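Below is one structure; the comments refer to it alone.
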Amino acid sequence: MEISIIGSGYVGTTIAACFAEVGHDVVNVDIDEDIVTSLNDGEAPIHEPGLDELVEKHAGDRLRATTDYDAILETDATFLALPTPSEDDGHIDLSIMEAGARSVGRTLADKEGYHVVVTKSTVVPTTTEEVIAPILEEESGLELGSDFDVGMNPEFLREGSAVADFLDPDKVVLGSQTDRAATVLRDVFDPLVEQADSPPVIETGVREAEMIKYANNAFLASKISLANDLANICKEYDIDSEEVLDAVGLDSRIGSAFLGAGVGWGGSCFPKDVAAIVAAARDVGYEAKMLEAAVEVNDRQPVRMLDILRDHVDPSGARVAVLGLAFKPGTDDVRNSRAIPLIDALLDAGADVVGYDPVATENMRDHFPDIDYADSAAEALADADAALVVTDWDEFAALDDEFDAMTDAVVVDGRRIVSRRDGIVYESLV
Ligand SMILES: NC(=O)c1ccc[n+]([C@@H]2O[C@H](COP(=O)([O-])OP(=O)(O)OC[C@H]3O[C@@H](n4cnc5c(N)ncnc54)[C@H](O)[C@@H]3O)[C@@H](O)[C@H]2O)c1
Ligand SMILES: O=c1ccn([C@@H]2O[C@H](COP(=O)(O)OP(=O)(O)O[C@H]3O[C@H](CO)[C@@H](O)[C@H](O)[C@H]3O)[C@@H](O)[C@H]2O)c(=O)[nH]1
């Protein structure tokens, strides 16, 4: 099939390369010339394991990129993989989606034959039908339901394992309003589903597909917050929370995934998506109490971490090493990293902060240009009065003699990853 994808970031590039891998002809449309050039040169514009190989393999053949929206005219379906950030009050900001839909609509005015426009981005329920579809109709002059249809196909990939997640999904969700659109979506996903050993395919309505994505992320984020709530209780009783949560996870009704207690969830999705569905629910008259509590628990974890630090060291004037700046290991992404509220609070308290991350230092410099950055964990720890471990990079598990170079070896571990205990003041957050 001929597929066009609007937006070539984490999601757009990954799905383009993977669709090409399963045999489709794909064109990426992005407003960023550098991204387009990089893709056409066979280089992935983002860092994801396995993506470089796929882009190199298919660029110039089944995969190409352009800034020209006219490219969508030669395709059967267009996926919108554009950002859906948060407004200050947590509501979803649809301005980029609306701009993309306007460009697609204007272009489709020249389309001969049927077309399906599929929302791939995470959008609150009714957005595709009540915001995107009317823009497409207005700009194209075409009729929804006969000249074209809309669909919704939420994405569940994780950063750091995006290619593997997309090619081998737990499920595929296809939301459509008409049989004709459902057939096109099925044709797009059939080759992927076949090679992925037939994961469940959920054919549903458009707003149901939109809601499944939020329910998924809200559930996972809440599961972590519940684990953190329970782990905080364990801490007060001096009970090993890992032992408790490992045992709880063995119940097949609960499962062990996403019970990793610690300093909480960050990243480009959980915080904005939980905030967006809470705000959307409020707009339709529902107070999402559980989700509000999940956010509250998450916001409190960094505060608890600093309280533990204060039990041992006065941060004012102290040199504090922050180990781990990325929102999770395996990525250089620092969006909503738990390191950000921690560093903010340390600076407010008058600490002298030195950060270290194996790959995310340059991205964190944009947030905190004035703190020190070390080239290794050893360098960060040298002469520090305390260390906060924020990201569970494997290399932090192996730290040992490096702690001996600290002035006061106070270590507060936000991810229960450090194994050294002797000769240091070690406190786990949970
Ligand atoms: N990142 C993830 O892990 C992930 C996973 C699942 C779902 N999502 C959702 O997917 C959507 C996209 O997220 P992302 O992380 O890929 O975003 P991103 O910021 O990495 O990429 C978006 C791309 O869109 C381009 N763009 C912006 N305006 C454009 C326009 N008018 N026309 C063409 N291109 C334009 C940008 O240049 C950029 O390359 C969001 O709704 C997000 O919530 C993200
Ligand atoms: O047991 C756990 C698991 C994760 N985290 C934290 O949770 C955050 C998110 O981690 P993860 O879900 O692995 O990364 P993302 O790439 O943000 O992926 C999430 O967000 C994506 C965008 O919507 C979805 O597609 C994915 O399914 C969903 O897992 C990170 O800060 C992790 O440190 C924990 O604290 N404990």
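Each Cβ is built from the backbone N, Cα and C atoms, and glycine gets one as well.
Annotations in TrEMBL come from automatic prediction, not curation.
Per TrEMBL, the features are as follows:
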| type | residues | note |
| --- | --- | --- |
| BINDING | ASP30, THR84, THR122, GLU159, LYS272, ARG335 | NAD(+) binding site |
| BINDING | PHE156, LEU157, ARG158, GLU159, LYS213, PHE258, LEU259, GLY260, ALA261, GLY262, GLY266, LYS328 | substrate binding site |
| ACT_SITE | CYS269 | active site, nucleophile |
| DOMAIN | 321-420 | domain 'UDP-glucose/GDP-mannose dehydrogenase C-terminal' |
* Sort out the sequence-distant neighbours of ASP30 (NAD(+) binding site) for me: same chain, 6+ apart, CB within less than 8 Å of its CB, listed by position. => ILE6, GLY7, SER8, GLY12, VAL36, ALA65, THR67
* Asked: If we check Cα distances from ARG158 (substrate binding site), which of the recorded positions THR84, THR122, CYS269, LYS272, ARG335 wins as closest?
  -> CYS269
* Asked: In Å, rounded, how far does the Cα of THR84 (NAD(+) binding site) sit from the Cα of LYS213 (substrate binding site)?
  -> 13
* Could you tell me which of the binding-site residues ASP30, THR84, LYS213, ALA261, GLY266, LYS272 have their C-beta within a distance under 6 angstroms of some atom of ligand 2? => GLY266
* Structure fact -> A correct count of other C-beta atoms within 10 Å of the C-beta of PHE156 (substrate binding site) gives 17
* Closest to GLU159 (NAD(+) binding site): which of the recorded positions LYS213, ALA261, CYS269, going by Cα position? -> CYS269
* Tertiary neighbours of LYS213 (substrate binding site) (same chain, Cβ under 8 Å, six or more apart) -> THR122, PRO154, GLU155, PHE156, VAL173, ASP273
